[in-house]
C-alpha cells in the first residue's frame with residue numbers, strides 16, 4: 001500500500017476520529033502571538049495586490065473542526081493587524097487554500113463551512129464572500145501553486161512528517177536496524193538517527209525550495225513542528241507508542257519481526273538542525289526561531305469555539321487524562337499503524353498506551369517540545 005494512502009488522520013466523527021479528539025489546545029494558542037507578528041510584518045512589506053486579496057495556504061491542514069480554528073486565527077490576525085496598521089475601512093478579501101494529502105477527510109471540513117462563515121460574519125464583521133476557503137490536495141513536497149502567487153504559507157504539526165521512510169534504513173542497514181522503536185528515538189543507533197536526519201534534510205530542503213518559488217518576494221512562512229532538545233528526558237507521544245508495541249510483543253500478541261520491519265516516516269529535528277537547513281538552502285531569512293513545551297493533555301484547555309468532547313471528563317485524575325491522550329494519539333497514527341500491524345490489535349495497543357501515559361502523568365511529566373520558525377523570502381537582486 002502506498003504511503004500517501006494511509007498517511008492521514010482517522011476519518012469521520014466516531015470516538016476515535018481526529019475530528020472528535022483534536023482540539024484547539026494550549027500549544028496552538030502559543031502560536032497565535034507569533035502568527036500576529038508574522039502577519040504584521042507581511043502587511044508592512046506591501047506585497048503585490050495584498051491590499052485587495054491576501055492569499056494564504058495552510059499546509060498539512062488535517063481535518064475536522066480544528067482545521068477551521070486555525071483558519072479563524074489567521075483571519076482574526078489579518079483583520080486585527082490590518083486595523084492597527086492601516087485603519088482601513090475596506091478589508092481585503094482573504095483567499096485561503098487548505099492543503100493536505102489526497103486521502104485527507106476534506107468533507108468533514110466542507111460540512112462546517114456554512115456555520116463557520118456565519119460565525120465569521122457575526123463576530124468579525126466579515127461578510128460572506130470576503131473570506132474564500134477552498135482545498136488544494138496534494139503533497140506539500142511538490143508544487144501546489146503558481147510562481148509568485150502567494151503571500152503567506154502556514155503549517156502547524158506537519159513538516160515533521162517525511163515524504164518516505166528513510167531508504168537507508170532497510171537498504172543499507174537491513175531490516176531490524178531500528179530495534180525496539182518505530183522512529184528515530186533517543187534509543188536508536190547513530191546510523192538510524194543519521195538516516196532519518198538525511199531524509200529530513202532532503203525533504204525540508206525540497207519544501208523550502210519549492211514553496212519559495214510560490215511566494216512573492218518578501219512573502220512569509222510560519223512553521224510549527226515537534227522538535228527535540230538535548231536535555232529533554234521525558235517520553236514523547238511516539239515513545240509511548242514504542243512502549244505499548246513492545247508490551248504486545250512481550251505478552252506474545254505481536255511478533256517481534258512486525259516491529260522490526262516498521263519505521264514511521266516521522267522525524268523530530270532540533271532547532272539547530274532546522275536553522276542549518278534553512279541557511280544552507282538559502283531562499284529564506286530567519287526572522288525568529290523559538291522552542292516551547294506543550295503538555296500531553298494540553299487539549300483539555302477549553303476554547304469557546306470548540307465544545308469539549310462528551311466522552312471525556314475535562315477535570316479528573318491521570319487515568320481520565322491518559323485516556324484522552326491515547327485517543328488523540330490514536331486519531332493521528334492509527335491509519336498507518338493499522339496498515340502494518342492490523343486493525344484487530346489497535347484497541348489493545350492504545351489501551352496499553354493509556355496505561356503508560358497515566359504513569360508518566362502521575363510523575364508530573366508528559367511534555368513534548370515544539371519549534372516555531374518565522375521565515376521571509378529573500379528578495380531577488382532585481383527587487384533590492
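Backbone N, Cα and C define each Cβ position, glycine as well.
The model shown is predicted, which means the values in this text are computed figures rather than measured ones.
Among the features that Swiss-Prot reports, S-adenosyl-L-homocysteine binding site is placed at 18, 61, 66, 100, 101, 139, 140, 156. Cβ environment of residue 61 (S-adenosyl-L-homocysteine binding site): 67, 70, 98, 99, 100, 104, 109 lie under 8 Å away, each six or more residues apart in the same chain.
The theobromine binding site annotation in Swiss-Prot covers 157, 160, 161, 368 and rests on similarity to another entry.
Marked as Mg(2+) binding site by Swiss-Prot on the basis of similarity to another entry: 178, 262, 263. Less than 8 angstroms from the CB of residue 178 (Mg(2+) binding site) sit 169, 184, 188, 189, 192, 260, 263, each of them six or more residues away in the same chain.
Taken from Swiss-Prot, the feature site 'Involved in substrate discrimination' covers 154 (among others). The DSSP secondary structure for residue 154 (site 'Involved in substrate discrimination') is strand.
Marked as site 'Involved in substrate discrimination' by Swiss-Prot: 266 (among others). For residue 266 (site 'Involved in substrate discrimination'), the Cβ neighbour count at a 10 Å cut-off comes to 19, with all displayed protein chains included.
Positions annotated as site 'Involved in substrate discrimination' by Swiss-Prot: 343 (among others). Around the Cβ of residue 343 (site 'Involved in substrate discrimination'), a 10 Å sphere holds 11 further Cβ atoms from the protein chains shown. Residue 343 (site 'Involved in substrate discrimination') falls within a helical segment according to DSSP.
In this structure, the binding-site residues 66, 139, 263 were compared by how many other Cβ atoms lie within 10 Å of their Cβ, and the smallest count belongs to 139. Rounded to the nearest whole angstrom, the C-alpha distance between residue 160 (theobromine binding site) and residue 154 (site 'Involved in substrate discrimination') is 14. Residue 157 (theobromine binding site) is surrounded by 18 other CB atoms, counting those within 10 A of its CB over all protein chains shown. Largest CA to CA distance in the theobromine binding set (157, 160, 161, 368): 16 Å, whole number. A Cβ within 8 Å of the Cβ centre of 157, 160, 161, 368, the residues given for theobromine, is found for these other residues of the same chain: 158, 159, 225, 226, 266, 268.
Of the chain residues outside the Mg(2+) site list 178, 262, 263, 165, 169, 181, 182, 183, 259, 260, 261, 264 have their Cβ within 8 Å of the site's Cβ mean position.
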